[in-house]
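What follows is a short report on a single structure.
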Amino acid sequence: MMAIAAVGNNLITYVFNEMHFPLSKSANIVTNFIGTVFLLSLFGGFLSDSYLGSFWTMFIFGFVELSGFILLAVQAHVQQLRPPKCDMMLSNGKCLKVKGYKAMIFFVALYLVALGSGCLKPNIISHGADQFKKQDSKKLSTYFNFAYFAFCAGELLALTLVVWVQTRYGMDVGFGVSAAAMVFGLIIFLSGTLVYRNTPPGGSIFTPIAQVFVAAITKRKESCPSNLKMLHGSQCIVPQDGTLIHTDKFRFLDKACIKIEDGRSTSESPWRLCTVSQVEQVKILISVVPIFACTIIFNTILAQLQTFSVQQATVMNTRLTHSFTIPPASLQSIPYFMLIFLVPLYEIALVPMIRKFTGNDSGITPLQRVGIGLFIATFSMVCAALVENKRRDYAMNQNRILSIFWIVPQFIIYGLSEMFTAVGLIEFFYKQSLEGMQSFLTAMTYCSYSFGFYLSSILVSLVNRITSTSGGGGWLNNNDLNKNRLDLFYWLLASLSLVNFINYVFCSRWYSYNPSLLPVVPLHEPQAEGHDSENPN
């Protein structure tokens with residue numbers, strides 16, 4: 001986490017100052033890169049669950065990521081592999097930008113890092129969770145909290161120590177530190193080889209899903225029986241290990257379980273007849289899509305903190321003492337300073353206290369946790385808009401430079417929201433998966449980051465196009481932030497975030513767990529039919 005965070009969080013400075021791309025283009029390069037990292041997590045989850053297993057996926061793509069770090073360090077060190085030195089601010093954006101084979105080296109290195117990191121991310125989470133029994137909800141919840149704590153520690157090291165190294169000694173040394181951290185991480189990972197509990201791959205995870213849709217469409221004219229025992233795999237009406245019981249949502253898909261009685265003894269093809277459990281897994285995948293979609297705007301906000309907010313800090317007073325200035329990218333460490341204290345406090349103190357009132361092993365349910373985070377995130381953009389308006393007014397009308405500490409609150413607020421949303425979403429997706437799909441469903445968490453960063457790129461381009469006039473560019477079209485209207489862009493994101501939260505409330509109330517995935521209830525305490533753990537009365 002330290003290695004990839006050190007690259008992604010300060011990349012806009014390198015792309016703008018060393019590769020000489022315009023500011024809006026630099027922001028889009030960064031968001032596209034980070035978006036690709038998270039999108040490739042789906043590929044990593046698929047490879048792990050279907051063919052390689054989490055251990056071998058992490059081993060192979062750990063070295064792919066390492067090769068990308070090394071290539072970035074080499075290019076940053078050798079001046080002949082970069083465009084001529086030039087100050088983008090003083091030249092008014094007229095510096096010669098990277099092109100030809102130099103650009104190819106840069107993007108190859110960047111996307112080797114993206115491929116390696118993307119395939120590692122979901123497997124780190126799922127491989128760790130696989131060391132516990134899935135039925136032990138309390139231990140899994142604790143694991144997810146402390147896994148997130150470890151990620152925060154890595155981010156914090158990247159945004160303080162490594163960013164300071166990048167600023168003081170150059171990006172080549174900074175990229176070299178990332179490569180060294182990756183080597184160290186791989187050594188630690190391999191040291192546990194003999195004691196890991198490894199979940200074997202189960203073949204293509206998409207084939208059973210495709211079979212359900214094909215069978216349901218093939219039998220679309222059939223009528224679903226009123227007696228569930230007539231469905232294929234009806235033994236799953238009683239929960240068993242690795243199976244799901246029938247639910248009433250998406251009844252169309254139940255047609256894939258209808259057995260055709262035509263007097264012949266031959267069994268039907270798997271592409272025409274599926275089990276109840278197989279159909280229910282597909283229902284879960286469809287059901288989680290709205291929850292997944294509601295977190296995209298949340299991660300679009302994160303994209304601004306890693307791009308425009310960093311660039312915003314570069315035109316503010318960064319001096320802490322007479323001899324020490326704060327690297328702008330290090331502002332992103334503020335949430336992680338806070339979270340390394342808040343996450344253990346939440347797990348050790350708040351969860352046991354809340355558990356007494358809710359009776360839930362996690363204190364509050366994963367979906368409730370996500371909702372709290374989405375609500376808080378809106379105020380991060382409200383704060384950012386107010387501060388940018390004040391900074392711009394000081395710079396344009398009073399010829400004063402605002403202190404960098406003014407943009408600290410927006411990072412603190414977002415960090416608090418991420419503690420709820422990120423951990424809640426990971427726990428939610430993992431607990432919705434059957435054996436053989438843990439990495440893929442966990443990867444959907446990271447895919448949300450991907451779409452959020454891609455949406456950021458689209459919004460920047462759309463806003464520039466819509467707000468541009470014949471006399472000049474749009475809100476974000478200029479390399480000089482004082483001539484832009486970043487504050488209005490932040491207000492737009494705050495509005496989208498609020499609408500997104502309202503939409504999430506409806507989606508989460510609609511969602512219900514498959515009863516097989518709920519904690520086991522003793523026989524003498526029968527569970528009421530239709531119980532919804534996410535919407536307790």
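Cβ from N, Cα, C; glycine included.
Where the annotation comes from TrEMBL, it is an automatic prediction and has not been curated.
Annotation comment: TrEMBL describes 29-48 (among others) as transmembrane segment.
Look at TrEMBL and you will find 55-78 (among others) tagged as transmembrane segment.
Taken from TrEMBL, the feature transmembrane segment applies to 98-120 (among others).
The transmembrane segment annotation in TrEMBL covers 140-165 (among others). Within its own chain, the transmembrane segment (140-165) is flanked in space by residues 1-3, 5-6, 9-10, 124-125, 128-129, 132, 134, 173-174, 177-178, 181, 327, 329-333, 336-337, 339-340, 343-344, 346-347, 351, 361-363, 419, 422-423, 426-427, 430-431, which lie at least six positions past its ends and keep a Cβ under 8 Å from the stretch.
Positions annotated as transmembrane segment by TrEMBL: 177-196 (among others).
Per TrEMBL, transmembrane segment is recorded for 282-302 (among others).
Residues or ranges marked as transmembrane segment by TrEMBL: 334-354 (among others). Below 8 angstroms of C-beta separation, residues 141-142, 145-146, 148-149, 152-153, 155-156, 159, 360, 362-364, 408, 411-412, 414-416, 418-419, 423 of the same chain, each at least six residues beyond the ends of the transmembrane segment (334-354), sit close to that stretch.
Under the heading transmembrane segment, TrEMBL lists 366-387 (among others).
Per TrEMBL, transmembrane segment is recorded for 407-430 (among others). Remote same-chain partners of the transmembrane segment (407-430), defined as residues 6 or more beyond its termini with a Cβ less than 8 Å from a stretch Cβ, comprise 125-126, 129, 140-141, 144-145, 147-148, 288, 291, 295, 298, 301-302, 305, 309, 312-313, 316, 331-332, 334-336, 338-339, 342-343, 346, 362, 366-370, 372-377, 379-381, 383-384, 387, 391, 438, 441-442, 444-445, 448.
Within the chain carrying the transmembrane segment (451-468), a Cβ under 8 angstroms from the stretch's Cβ atoms is held by residues 24, 27-28, 31-32, 34-35, 38-39, 295-304, 307, 474-477, 485, 489, 492-493, all 6 or more beyond its ends. TrEMBL lists 451-468 (among others) with the feature transmembrane segment.
Sequence annotations record features per position, and here TrEMBL assigns transmembrane segment to 488-506 (among others).
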- One stretch in 29-48, 177-196, 282-302, 366-387 has more Cβ pairs under 8 Å to the transmembrane segment (55-78) than the rest, namely 177-196
- Long-range CB partners for the transmembrane segment (98-120) (under 8 A, at least six residues beyond its ends), listed in sequence order, are 4, 7, 19-21, 33, 36-41, 43-44, 47, 57-58, 60-69, 71-72, 75, 81-83, 446
